[in-house]
Amino acid sequence: MRHQHGLFMLALLAFLFVITVLGTDSGKKEKQEKKVKKSDCGEWQWSVCVPTSGDCGLGTREGTRSGKECKQTIKTQKCKIPCNWKKQFGAECKYQFQEWGDCDPDTGLKTRSGSLKRALHNAECQKTVTLSKPCGKVTKPKLQESKKKKKEGKNKEKLLD
């Protein structure tokens, strides 16, 4: 009885082994066929992020791709435009800026340049950009200190009177 039970178990294990080997081979063929279909699809090309309201914050972008066997050729995706980015260079482009330069007395402007730090979703961005802004009022700390001294002097005079 034990001998028959052992043979039965051995036959069962051999049968399971054969089924497992055949099952993995057919599964590999199906997976390879699926990979071929996926490679027929082109890369996703994304539009710029369009804010839902205003010029920054949450929004959407549209993606398209080509391919005869692609099930999906257009899709929409949520996106976000940070509100602190310089949008004049494109909301998809992030720059690292230098310090502001000295004021140009001829133009009344000061400038600084920025180099491209990051481009989101394969956006086309300029490598370097330049910003200009009007020079602010030049404060003279010595004048402010002298005004304080005058006030202190007047206060002392009032106390003496």
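Cβ atoms here come from the backbone N, Cα and C positions, even for glycine.
Owing to the predicted nature of the structure, the values given are computational and were not obtained by experimental measurement.
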Per Swiss-Prot, the disulfide partner of Cys41, chosen from Cys70, Cys79, Cys83: Cys70
Candidate in Cys103, Cys125 joined to Cys135 through a disulfide, as Swiss-Prot lists it: Cys103
Stretch carrying region 'Chondroitin sulfate binding' according to Swiss-Prot (options 18-26, 45-53, 117-125): 117-125
Cysteine from Cys56, Cys93 that Swiss-Prot links to Cys83 by a disulfide bond: Cys56
Cα separation, Cys125 (disulfide bond) to Cys41 (disulfide bond) (Å, whole number): 26
Cβ contacts of Cys83 (disulfide bond) (under 8 Å, same chain, 6 or more positions away): Cys56, Gly57
Top Cα neighbour of Cys125 (disulfide bond) in the set of disulfide-bonded residues Cys49, Cys70, Cys79, Cys103, Cys135: Cys49
